[in-house]
Structure formats: C-alpha cells, structure tokens
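Features as listed in TrEMBL:
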DOMAIN    63-400  domain 'UDP-N-acetylglucosamine 2-epimerase'
ACT_SITE  Asp543  active site
BINDING   His595, Cys605, Cys607, Cys612  Zn(2+) binding site
Amino acid sequence: MMQGHAINPHELYYLRTQKAQPKMEQSEKRLKKQLRVCVATCNRADYSKLAPIMFGIKSHPEIFDLEVVVLGSHLIDDYGNTFRMIEQDEFDIGSKLHTIVRGEDEAAMVESVGLALVKLPDVLQRLAPDILLVHGDRFDALALATAAALMNIRILHLEGGEVSGTIDDSIRHAISKLAHYHAVCTRSAERHLISMCEDHSRILLAGCPSYDKLLSAHQRDYYIDIIKSWLGDAVKEQDYIVALQHPVTTDIKNSIKIYELMLDALISFNKKTLVLFPNIDAGSKEMVRVMRRKGIEQHPNFRAVKHVPFDQFIQLVAHAGCMIGNSSCGVREAGAFGTPVINLGTRQTGRETGENVLHVRDADTHNKIYHALELQFGKRYPCSKIYGDGNAVQRILKFMQTIDLSEPLQKKFCFPSVKECISQDIDHILETQSALAVDLGGTNLRVAIISMKGKVVKKYVQLNPKTFEERIELILTMCKQAMADAVHLNCRILGVGVSTGGRVNPQDGIVLHSTKLINEWSSVDIRTPLSSALHLPVWVDNDGNCAALAERKFGHGKGIENFVTIITGTGIGGGIIQHNELIHGSTFCAAELGHIVVSLEGPECMCGSHGCIEAYSSGLALQREAKRLHDEDLLLMEGMTVNNKEQVNAIHLIDAACLGNSKAESVLHTAGTALGLGIVNILHMINPSLVILSGVLAAHYENPVRQVISQRALLSAQDTKVMVSELEDPALLGAASMVLDYTTRRTY
C-alpha cells in the first residue's frame, strides 16, 4: 500500500536531485535538451500499464521526446492485432518488429527471444534513446532488456520486485538485474529489489500506472453501454462473469486441465460469461483447442473474444459479478473495485492480494471451482489500494527527469553485510503493521492507531456530533490525520475497523438498528463512505462483539476455543466465541446478552421489555437507583457530598455501599444477582469454558457472579472460570483485530 512507511516512500529521488543540484546548475544547457524515451510494448497487458506513462510523456514535449516500438503478440491477428489500439490512441509507432515464432510451445518462446535479439539492435541503434522503458516479466521484455543493456542504453524497469509463483518470477528478476532504474508498485516489491542488491536510491515506489485510470473509472456512467455491447442487452450489472486464464509454462499439462475444469464449471453455473483468449505463452494453443472443443464460441451464455480495449475491459471487470482465472488483473486491478475474484492454480499465488481474492490452488475438480463460484459471485468487497493511489505517472515522470545522463552507466550493486541488512525479524513486522480503530460511542468518537501486538500507538478523541453527516465527516478527518501521523510513526495502515453500538450487519458494514445513545444510525452504511474516501478495506461490528474479538486476540481469551465476554458499562452487552469463531446469528442479534430476561416483572428496559439484565445491572440502571435513593435522602453516608451541579451516578451508589449503606448494598446485590442469573443461563445454553467480565463495573460484579454460579448453575457448569478483563480499550482493540486478523491472504 502507498501509506504507512517509516520514511516517505516516494521521495528518495528528491534526495538525489538535491545532491545533484550543483551539477544540474552547471549543466543547465544540457538539461534543456529533450530526454529521448523509448517505450517498447509487447502485448495488450503491458500496454495497459505503459499507456498512462506514454500519455504523460506526450503531454510534456518540451521535456520528453517519445519513441514507440511495438513487437510481440501486438502484431498477430490471432491475438487481436492490438497494435491498432496504440494507433487509435494517436501514438506514432516508430518501429514494428515481428518477433513471434508461432508454435505456442517452449521452443517457440525461446526462438522468439532469439528473433527479437536479432532485430532489436538496428532499431535501438537508429533511435539512440536516453532511456528505454520495459515493463514486467514477459519473454519479449527479457529480449528488450538484454539488447539495451548490451548496447549501453539506460533501462527503467516497471513493476519489478514482485512475486507471482511461476517462471515469470525468474524472467522478472532477470530484467531487474539488467535494469539501471526501477519503478515499483508496492513496498514489498521495493524490499525485494533491495534484498537483490539493487541501489535503493534508484528505486521509486510509484504504484501501478494503470491505477491512475482505475481509481476514477468506477465513477463513470457509461459502463451499462459497454456491458451491453460485449454481452447483450439483457445482461445486468454484477450478473455476469469475466474469465481470463493463461497457461503456466512450467506445468502446461495441469494448466490445460484447470482450464477445462473452469469452462465446465462456468457452463454449469449458467451465467453470462465473457471469455478472453489466453496469452501467447507455451500451452495457449492447446487451451484454445479445449475452448473450441467445448463449443464456447457458439454457446449462448458465452462471448469469446481475443481482445477488449483496456478502458472498456476495466469497466467490465469493475461491474462484473465475479472474475475467474489466473490473470494478474484479478489479483491487482480488480481489487480497486472490490470485484470478487477466483484465482485458479499457482500462477498468482505469490502476489499481494486484497480481501476480494479467493485462491483455489488445487483446482482439481469441477465441483471445487463451482463451489468457489457460489461463494464469490455477486459479492462486493472493500476497494483495495495495495498497488497504487492514482499518482504513479507523475512520480515516474519526475523520477525520469532526475536521471543524470552524465553519471557512469555501469550498475553498482549494494551488497549489505549480514548484520546491516534490512530487518526481517518478526517483532519488526508485528510492530509496523497496524490498523486504524474507530469507536463510535454515545458521547465520544475515538480513533486509534493500533499495532499488530495490540499497542495503542496514538489515540484521538472528539465529542460525537449529533447528525450522520457530521459524524462521517469527523471520522474521515480523524482517520486522515491518523494516516498522516502513521507515516512518521513507522506504522503501515492495513485497514479500518469500526466498533459501534446497536445491531450491525458486519458482512455489508451496515448499522441496522442503533442504540438510543447513538441517534440517527439505523440502516446506515458505514463501510462504503469510509472505504471510498480512505481507499482502505473497512470492517464494522457491534461493540460487544468487538470486545470479544479483543479478548480473543489480546486478552484472556487468547487460545481459548469457547468463551463469552460480558461488557458492564452504560449498558450491558457482549460477544460469544464458539469454536474460535464469533457468533453473529441469522439476523445479527446473537450475544445481545443485556436483554436476557431474568425476571417476569422487573423494571422496564430501554429495549421496551421488562426484567432484562440491563434493566438491573447496567450503569444507567444503577444511576436510576442512585437518584431514587438520593431523592429519598437514603444515599449519602458520612463523608459523602454531592453538590448541586453534580449528577448522581453509579459511582455514588458504589461508594455508599462501600461505606456500609444497606440500601445501596441491596441494590448492588440485586444487580449482581441479575447479572449472575443471566450468565448461568448462558452457561446452560452454550457451555463456555470461560466468562470474561469487561467494562467499568466488571470488578464490582466478579464475586457476586461467581457466587450465583456456584449456587444456581448445574454441577457440570459450576467450575466455569470467571475473570475480569485486563484490556484498557476493548472496543478499539476489537475493532483493530478485525483488520489485523484479515491481513493474511485467504486460501480455499
């Protein structure tokens, strides 16, 4: 992701600029000369990443002189003659090199590299570029980098340092070793290049150039026309599938098997599907044969195409019900829209992915793929910003302007000693990966940066505004401030967790019914505005559930399979962990523990019922009884005073009981008994091994609860442990745990 680093991740080249300032002033005449940049594109995929940079270069003719070289599958009819889209974008193609040897097998790939190496020298010698831009990990790109390196042409490699899990890794890393400069997408990729001994000052953490288009594309309103033009008038948004599967050249036989199983599953799933032809790697010809043998091109539910223009393709992906296959687009670009993705096989398993990606690594049966489609189709996930923030092109253009052509061309590798290498110690990782936690209380709105270890790095507190709009605006303001501070605090923000009162649908991030303490929060979508504005995944849950999650990750519940957390505060709430999972219930009202009825004729509860635990044992209930005793002059003991401006509350009741006030003692005894009876009911229903009391009143209720359990519980439940929580901020810690527990990639 693009935020949360110990140093400003994009500005190392500015340091180089400052160091080179005297040279630049002395060479003002040289700098006025245009920088000749050659962009070489091999296929439809790399053009989608290079095109935004090409447009940026073209828009600054006073600084750059753009030369375009087209080779590879761009010039093959079977793959859509995609060079035409470059011409449609009004770029002048300086050279077209036919470099592909047909055959679509391993030998043909090697021969294609050799043919490219034969043809490239004449072109590069004629163009004499100052910089050659090479993208990615294709065999064509390896030929480009090899030729340029041997001809002493500076190479800027885009998207190096990444890991995908196939032969592409070897090619990508080989290009990185040949390249003189690097523009990477993620912090992990940057670290990989540094560990490969690349010069840190020549690495730019830019983000993915295609994200400059992606992050604005979802807002455009012409996507319906695009969907209809490719899939027919009857197809609706999020009711179709995009399928794109490429061969894995190190395991071609299994690739073809997975492709066949995917097509079988898609036929059975019976949804309109756009199938794109595979790339030109070894094995693609056999995959096309499989597609034609199954009659996909004639099937009424399928549209098979060789190429879709990138601007239209991203709209189709953005509004699809699901994307399936092993294209890098699924694990990278699709995350920007929250589109559900099923990644088949091993081709992308090394990539960093968002929550939207479900991996089916052993895609060995039709049923397994079909079940994955059932799980993913039609869902929506928070948008992911792992691969970019929409500002990659401007960073890359600035970076190229800082390249000093008078510097020696020979690369220097940085070989660190073992003791001085960048720390990969687990403590370092745990301390820097962090979450933004939001606690929406009745009085205060709190935001905190919380580390993987549960340390509250920094906390922000403001009074909670009255209206929905003001609250959302304040949450965004506080979160943005925290994200800015996180950079200086060496914290990488992974996402946002929100704890709030009331009944919550955590799947959609919606508050269904709020408590009376938080007005105007019924049927409110909290996730969408936060995720859209912050470009981070957002999780939302009830504060009682968050307290249970906090105990599971950081407190007494760590390592306990079945336990219950009871919050004793202004109200009574809680959460239930059963078999290590949080229980939400069919309508998300599980663990409303404060509304367990312990008396048929008890006092009225805020929920409208009578005799609930909350009506006896909550802070509001104790405050009600304290006021009653005070009005009857039965509360205050010797040494106690309540001035006119001070509101009588539960603390006064507890203080009076401690000083021997029998009336106050009776109220607290009733409250403790009511809570104890409710917990006995819980023990008899779900039989947890541990009960954790949390909140400001927990310590006062510990002994009464234990006593009631010993007197009223079944013999088999009387040994259940009762403990008081030691966590200071369970709501914030629980909100953070929702984020931190989802930072690892999901595997199916």
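Yeah, the Cβs are placed from backbone N, Cα and C, and that goes for glycine too.
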Overall pLDDT for the domain 'UDP-N-acetylglucosamine 2-epimerase' (63-400), taken as the rounded mean: 90
Spatial separation of the residue listed as 'active site' from Cys612 (Zn(2+) binding site) - C-alpha basis, Å: 19
Whole-number Å value for how far Asp543 (active site) lies from His595 (Zn(2+) binding site) (Cα to Cα): 15
His595, Cys605, Cys607, Cys612 excluded, remaining Cβ within 8 Å of their centroid (Zn(2+)): Gly594, Val597, Met606, Gly608, Ser609, Ile613, Glu614, Ala615
Cβ neighbour count (within 10 Å, all chains shown) around Cys605 (Zn(2+) binding site): 22
Sequence-distant neighbours of Cys607 (Zn(2+) binding site) in its chain (C-beta under 8 A, six or more apart): His595, Glu614
Of Asp543, His595, Cys612 (the recorded positions), the residue whose Cβ has the fewest other Cβ atoms within 10 Å: His595
